[in-house]
Structures are given as C-alpha cells and as structure tokens.
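Inspection log for the structure reproduced underneath, given as structure tokens.
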Amino acid sequence: MRKLGPVTIDPRRHDAVLFDTTLDATQELVRQLQEVGVGTGVFGSGLDVPIVAAGRLAVRPGRCVVVSAHSAGVTAARESGFALIIGVDRTGCRDALRRDGADTVVTDLSEVSVRTGDRRMSQLPDALQALGLADGLVARQPAVFFDFDGTLSDIVEDPDAAWLAPGALEALQKLAARCPIAVLSGRDLADVTQRVGLPGIWYAGSHGFELTAPDGTHHQNDAAAAAIPVLKQAAAELRQQLGPFPGVVVEHKRFGVAVHYRNAARDRVGEVAAAVRTAEQRHALRVTTGREVIELRPDVDWDKGKTLLWVLDHLPHSGSAPLVPIYLGDDITDEDAFDVVGPHGVPIVVRHTDDGDRATAALFALDSPARVAEFTDRLARQLREAPLRAT
C-alpha cells in the first residue's frame, strides 16, 4: 500500500539507507541511523543506481531503504526490489513519485524517524540460562505463543518438508496440560494445524487472519476475507511471471501469496521482489518480508501482535493476576508480537543468520528449534513441580 506522511526506518528490517546525492539536510538523519547500526550510502545519476550503491555496502536490496527526490531513482529502486522506497517531494511531484513506486512520500527528511531501543540478537541472554526467568514464569501463570517455521520447526529448503523439531510435540503436550498455548503461523490455518497435530490448543494461520480455538470454534478477520479473490488473481499472475525463475516457489494461501526465493539465484532476487511489490501496488495489497520469502497479504491493520492480544483476551483465567504472555519466534513478522509482549511478558527470539545479526525487540534468545523444545519441556516440568515446592 502506498501512503503519505511520516515513516520509520527500523533496524530490525533495514540494514542500510541510500540517499540520492541531490538531497540536503541528511546529516542529522545519518547520525541517528549510525547510532542504531544502520549503514548509509549515496547514489547519483546515470550508472550509479541504487543497486550499485547497495553493492558497495554489501547489503541486500531486500533489507535496504532508498530515499530519492527523483522519479528515476524511485523507479530504479522499485525495479531492484528494495525493501522501502521513500520519495521526497520538493517540487510538487508527489503523484509522480507514487506512480513510479515510492512506498511513501514526504516533503522533508524531518518526517523520517528512526526506531531505537532494540538490541542485536547476539547480545541477548539465553532464555535457558537466564537467572530467575523460569522461577518468575512459574510464580505467575504463563500463556505461551509459538511461531512455527524456524521456531518449532527447522527452516528447510522445501516448505512442504517442514515438521516439528525432535522432542517438540512431546514438550508441547506437557506444556498444554499446564497452561494455555497457541501456535501463530504465516502458513494456512489447516496447514499449520496438521503439521503440529496437537488437539485442544489455539491455532492461528496467515499471521492471525484465521484462527481456531481449543474447542474447534473458527474465527476469521472478515475485512481480510474480502481480499481472498484478489489474492487468488495475484497468485496466478505471479506464477506466470515468475515461473521461468529456477528455485522460486509461489505459494497461494487463503489469506496470502508467499513467494519463496531461498533456492533462487542471488542475482534474480531483486527481480522477484520487484514483481511482488508491483503486484502489491496493482492489487492494493500489503507486502511483508521474512526469511527468504516476500509475501502479499490483505491491506488490513492486523498482525501477530494484535492476534496475540486478541487470543489473550479470549483465554479463560481465574487468577487475580493477569496471564504472562511468552512469545517465541524467529522472523520479522514475529517482531509485531515481541512489541506487544515486551512491556509485560517474555519475548524470545530464535537466533539465525539469514538476516545477519539483526536487531530485535526480544529480550531473550534461543539458538535453535531444538533449544525451543528444550525450553518448552523445562517450563512444563517447572510448572508441574511448582505446587509441590509450595507445600
């Protein structure tokens, strides 16, 4: 979706920002970016296009922002699949910048803010070793939320080959007997439900656009459901357009179209991303990114964070103190859940290197889905033993 007004550069999603050389008053913004570890560079006209500038910084376009006052710079960035394109309207060219592919248009760089306060994944304490974490969770009843791919399951080359990590099902069964649990996935609801295979828990598919409660009650976001026919059309167009690209998989889901490029040639990824972002603009959808995937979904203000809060509100709870939400996830879309959990719960990121040592809103970390299974098993055991310790 194209929009106007203030925009935020997020070090969780962006590794660098490229400015065209005609822009002035960039010094303060550059200083803010450098303080949070986001690189900066410039590009000019002619052959010095944004993709060349990104190469100089050794950053992927999919994790890079372009800021340009000219249609040529915006167009070049869109054709190369950059993550965020900010147009700067200095001469009344707002509409042209939007047509050429700007994600947002500002009139002054003071409208661009920089997110602060996050830490790099490598800087976080291990959730299994953090002193007092487990005891604090046992003292108050937790509600535990899991992502699937990269959290309960290892990331694999073929998404259809992803299943629970060894020991995860048994650990989930033990934990579900002690506290509410939910699996929130970007996969279709039926898909993630089958892959986990544990009855009597919450499942959310398509980043929360569709859910089932432990009793089987089905819920869906009706505003998002209106986009289902459009997503079907976009999926067909992308399959035709990207079919000749070896290693690219277009996955049509009920509430989304995921384009996986993990097995594609690196020099074709920009074209893949550009095709998806063009479809976003053509069909008035929204783009999200993840680990070697770019996805179209309904342009509705809903995400895993809002889903988590909705589920919390629907959980039965007899105690006087509120439930403590724990969220475990690995991907960019999980950051929305970390944001809402952080003030009063426990956000845990599962480390990986697909996006380098990126920033995260999580407060703790685990190193792999195997460690997630271990953490889950340990928490279940401590919850089981808590009444014994109290007597």
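A Cβ is built for glycine as well, from the same backbone N, Cα and C atoms used for every other residue.
Under the three-state DSSP scheme, ASP147 (active site, nucleophile) falls in the coil class. Annotation source Swiss-Prot lists active site, nucleophile at ASP147, citing similarity to another entry.
Other Cβ atoms within 10 Å of the Cβ of PHE148 (substrate binding site) number 24 in total over all chains. The annotation substrate binding site is assigned in Swiss-Prot to ASP147, PHE148, ASP149 on the grounds of similarity to another entry.
Residues or ranges marked as Mg(2+) binding site by Swiss-Prot: ASP147, ASP149, ASP330. Taking Cβ-Cβ distances under 8 Å and a sequence separation of 6 or more, the neighbours of ASP330 (Mg(2+) binding site) in its chain are ASP147, ASP149, GLY150, THR151, ARG291, VAL349, VAL350, ARG351, HIS352.
In the structure shown, the C-beta of ASP147 has more C-beta neighbours within 10 angstroms than that of any other entry among the recorded positions ASP147, ASP149. Excluding ASP147, PHE148, ASP149 themselves, the residues of that chain whose CB lies within 8 A of the CB mean position for the substrate site are, in sequence, PHE146, GLY150, THR151, LEU152, SER153, VAL183, SER185, GLY186, ARG187, VAL192, GLY329, ASP330, ASP331.
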